[in-house]
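TrEMBL annotations:
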type: ACT_SITE; residues: HIS61; note: active site, proton acceptor
type: ACT_SITE; residues: TYR130; note: active site, proton donor
Amino acid sequence: MTFTELELKDVILISPNVFGDERGFFMETYNKAVFSKAGLDREFVQDNHSKSSAGVLRGLHFQKNPYAQGKLVRATKGSIWDIVVDLRKNSATYKKAIKILLDDKDKRMLYVPEGFAHGFISIEDCEVQYKCTNLYNKESEGGIRWNDPELGIDWGIENPVVSTKDQELPYLKDIESALNF
Ligand SMILES: Cc1cn([C@H]2C[C@H](O)[C@@H](COP(=O)(O)OP(=O)(O)O[C@H]3O[C@H](C)C(=O)[C@H](O)[C@H]3O)O2)c(=O)[nH]c1=O
């Protein structure tokens, strides 16, 4: 299992050891000792699983403190462009967004710490599973409009399918003063 920090500090791309044989494959998707040795000594308290058709866009979401969530994200079926936006005001990469391909072939995982907005778009029909470091708290839900011109994210797919709730998310400029990551 290898851990690589990406251009957004503390965002970690994880490549698991995949053991293939004539039956299929086996891989560890989380190992407390291995993660801790790599500096990812986090406790996950909730596991999520969503299914999306090709072209579906979920995000950009975060939970406000004290319910901010770190997430360990992977695509267990199909492929996604995973998008992460740094919302930590003191970060050198504040407001910077990055796009990472996650799919069921490379089986890479992405650790997104608290203080980031997260979303993904389905390149093909997909299922995404992700562990969280904090529990869901509906009252703490926050988000940013997927096509916020200030972020200028290239989602890679035209005319995505976006929920009404996500279509109505605010622009970053309208919530920036309230951010406290
Ligand atoms: C997130 C969540 C949702 N729900 C309920 C609330 C709604 O009735 C239903 C669908 O929720 P929502 O439309 O917010 O699901 P997504 O659009 O996939 O939201 C997720 O999308 C992006 C990619 C994320 O990173 C977040 O983990 C999460 O916000 O599940 C729960 O019961 N528990 C939960 O933890």
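Each residue, glycine too, has its Cβ placed from N, Cα and C.
Not measured: the values here are computed from a predicted model.
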**Q.** Length of the line joining the Cα atoms of HIS61 (active site, proton acceptor) and the residue listed as 'active site, proton donor', in Å
**A.** 14
Q: Return the single residue from the active-site residues list (HIS61, TYR130) that has the minimum number of other CB atoms within 10 Å.
A: HIS61
